[in-house]
């Protein structure tokens with residue numbers, strides 16, 4: 001089976017396909033028969049282990065083979081979207097039965113189209129009729145309200161319009177008498193207008209008619225609903241009295257402009273009563289018809305409500321399949337596809353293709369032909385739920401290059417541990433652990449709810465990370481002996497202070513470890529609890545945590561450099577072990593690794609009796625570069641900072657210094673020189689070989705260009721040279737110079753960066769202690785048996801909320817981000833390239849996880 005050069009063989013240290021590195025990927029061609037292609041791709045989508053390559057990138061989307069089928073799917077989507085909208089309008093939710101219906105065969109697609117067309121037509125017709133009837137009901141209701149208001153109005157004033165006008169306007173009696181003598185022919189118009197438009201309606205009416213009409217408005221108490229939008233309509237009834245046809249026309253124009261509705265209300269009371277009875281009868285009939293229409297609509301929606309989820313999944317699967325088929329090339333009576341898949345999955349893929357061929361009744365099997373390609377394979381890791389969160393942290397930095405070491409297995413331990421070093425409090429860690437454990441135990445019920453809140457989804461997705469960070473924080477809290485900022489004395493302190501009588505009244509008493517501590521033993525686990533009330537606690541914890549941060553940081557970086565060797569062996573770049581791994585390891589180990597060893601040596605060698613003259617390691621580290629040493633007998637007695645505190649210290653430090661310094665030119669020069677020599681050797685080999693066969697036809701096999709003694713590395717280098725542009729010598733030298741400077745300076749800056757472990761641990765401890773002292777301790781010191789209890793309850797509630805908000809959320813987020821930086825910058829930069837791309841197989845998972853059809857569209 002032919003394979004790409006990058007995955008031709010497996011390493012001896014870890015096989016491809018473990019979590020240690022990416023699954024071994026295979027690049028193949030598939031020849032599928034046209035009649036079986038749909039069903040075969042459907043089965044591969046259910047399997048979800050094949051990533052297809054688009055072979056029609058230069059073809060317009062509207063000119064591809066299956067564009068008509070996709071349009072049919074989009075038409076079905078449109079009908080389903082309308083049905084879903086109507087279901088949601090009724091206040092129903094789309095049910096999720098956790099079903100996974102298979103993609104329909106092509107013959108069933110026509111049945112789906114007919115069913116969707118029938119349902120869509122029926123639903124639209126029912127909605128149209130229902131809206132029309134509802135509109136008529138609203139209009140009849142308005143007419144009824146208008147007739148009632150008109151009847152009430154005329155019952156109050158009768159038919160004496162002159163008396164009505166006089167009462168409403170307060171005109172003089174003489175003017176009324178003149179009016180009665182003239183006997184004007186008055187008419188009236190009745191209608192409705194929106195309540196918000198009444199002030200404008202009155203001003204416009206007065207302006208247009210020059211105040212020659214009499215108008216009265218009154219609000220309709222009944223709230224109506226717009227049958228189209230469903231909005232509430234607040235309307236007012238108006239009655240306008242006019243004289244002459246000219247004013248009547250002006251009033252109608254004003255009503256048309258203000259979108260007011262005029263209703264034909266009769267003049268006589270008998271006709272109005274008859275009209276009111278007719279309106280009430282029509283309203284009763286309409287309500288019966290509306291009830292029946294709504295019941296029919298509900299029946300149609302109930303059927304759609306049960307099947308809408310299944311229908312949507314089927315349609316989206318059909319569309320996804322045809323989108324994938326549009327990526328294939330048409331070759332005579334078959335379709336040609338190119339794809340990536342894990343090599344271990346070849347049997348599953350063949351079974352899926354066989355199933356598709358049987359369903360489609362195809363007699364010609366699908367052909368899978370392995371291919372040789374210069375394209376780098378995608379990276380794929382088969383992770384479980386526990387590792388998935390940590391793998392996401394690594395992938396956020398950059399997808400691993402195919403075949404390189406995956407940092408995720410080590411991140412599962414180092415990430416929560418470094419977080420706990422900064423967060424170390426057993427009480428806070430216990431809360432975090434229980435919260436993560438709760439999310440894990442309830443993951444099925446919480447996951448089925450499909451939470452839309454992004455923050456909640458982030459916490460739920462990182463539930464295993466939260467649980468691990470909490471568990472490690474409990475451990476480091478036990479080591480620091482911190483439980484909500486207080487120490488726990490379980491085994492008894494190993495300090496036995498002896499204080500003189502004249503020292504009892506002193507403001508500050510510090511313990512002397514020479515006289516007050518038994519060096520025979522120490523506190524069994526972690527820090528002795530006596531340091532909690534000690535005045536020099538900060539000095540002690542600072543020294544301990546700062547040295548611990550340097551030890552952990554240098555160890556972490558050295559481990560990262562050691563992981564390089566697995567990459568070099570896997571990619572058969574053995575020369576990089578000599579010209580990169582060894583110089584980088586020696587540079588870091590001889591400088592900062594030596595410093596770590598001296599910290600441990602000082603802890604083991606110098607006890608309390610010699611602590612007054614213990615060596616200052618930073619001064620000795622500086623003297624290592626300045627070659628300042630003192631070995632006289634009086635140097636120790638005088639506590640000379642240059643005093644050598646172990647035999648042969650000057651020789652060891654000089655050797656360490658020169659080994660580190662000599663590693664720099666090796667790292668700077670060796671790789672460019674090797675690449676230049678290698679290029680010359682390959683070009684000379686290729687030139688000699690081509691001169692021998694200049695009069696012959698070149699062999700079809702590309703490997704024939706190389707002599708039998710050439711290595712795989714030679715073949716890979718020459719193969720890549722045909723597909724990539726060679727960098728110039730100057731670019732190679734500049735690149736290596738930048739890498740060398742970045743590494744050497746990075747060793748210093750990265751070591752200092754790990755001091756954040758000390759700084760954040762100290763900050764968290766101090767914040768926790770301040771919160772205890774300033775809040776909870778204040779309540780505990782309040783006197784009073786009856787008054788103190790409710791005060792303690794209230795202040796404890798405040799302290800608990802501040803603890804969660806500040807120490808768990810804010811400080812936890814801060815420690816998480818700093819841990820993220822330590823892994824991305826300080827650790828990954830030592831071995832991890834992260835220049836690959838993720839394996840994105842064709843599957844239907846996104847369809848099964850959708851909540852609405854609009855998420856896909």
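The backbone N, Cα and C atoms fix where each Cβ goes, and this holds for glycine too.
Note that the structure is predicted; figures quoted are calculated from it, not measured.
Per TrEMBL, the listed range annotated as coiled coil is 109-143 (candidates: 109-143, 144-178, 179-213). It is 548-566, from the ranges 491-509, 510-528, 529-547, 548-566, that TrEMBL records as transmembrane segment. Looking at 627-650, 651-674, 675-698, 699-722, the stretch flagged in TrEMBL as transmembrane segment turns out to be 651-674. In TrEMBL, the annotation transmembrane segment applies to 786-810, one of the ranges 761-785, 786-810. Counted over residue pairs 6 or more apart, the CB atoms of the transmembrane segment (651-674) and the transmembrane segment (786-810) come under 8 Å in fewer than three pairs, which marks the two as apart.
Across 417-441, 462-480, 548-566, 786-810, the stretch most heavily in contact with the transmembrane segment (578-601), judged by Cβ pairs under 8 Å, is 548-566. Each of 417-441, 462-480, 786-810 was scored by its Cβ pairs under 8 Å to the transmembrane segment (548-566), and the highest score goes to 417-441. Tertiary neighbourhood of the transmembrane segment (417-441): same-chain residues 459-460, 463-480, 482-485, 548-549, 552, 556, 756-757, 760-761, 764-765, 768, 803-804, 807-808, 811-812, 815-816, 818-819, 822-823, selected by CB-CB distance under 8 Å and a gap of 6+ residues from either end.
Packing against the transmembrane segment (786-810) from elsewhere in the chain are residues 425, 428, 431-432, 484, 764, 767-768, 771-772, 775-776, 778-780: each is 6 or more residues past its ends and has a CB under 8 Å from a CB in it.
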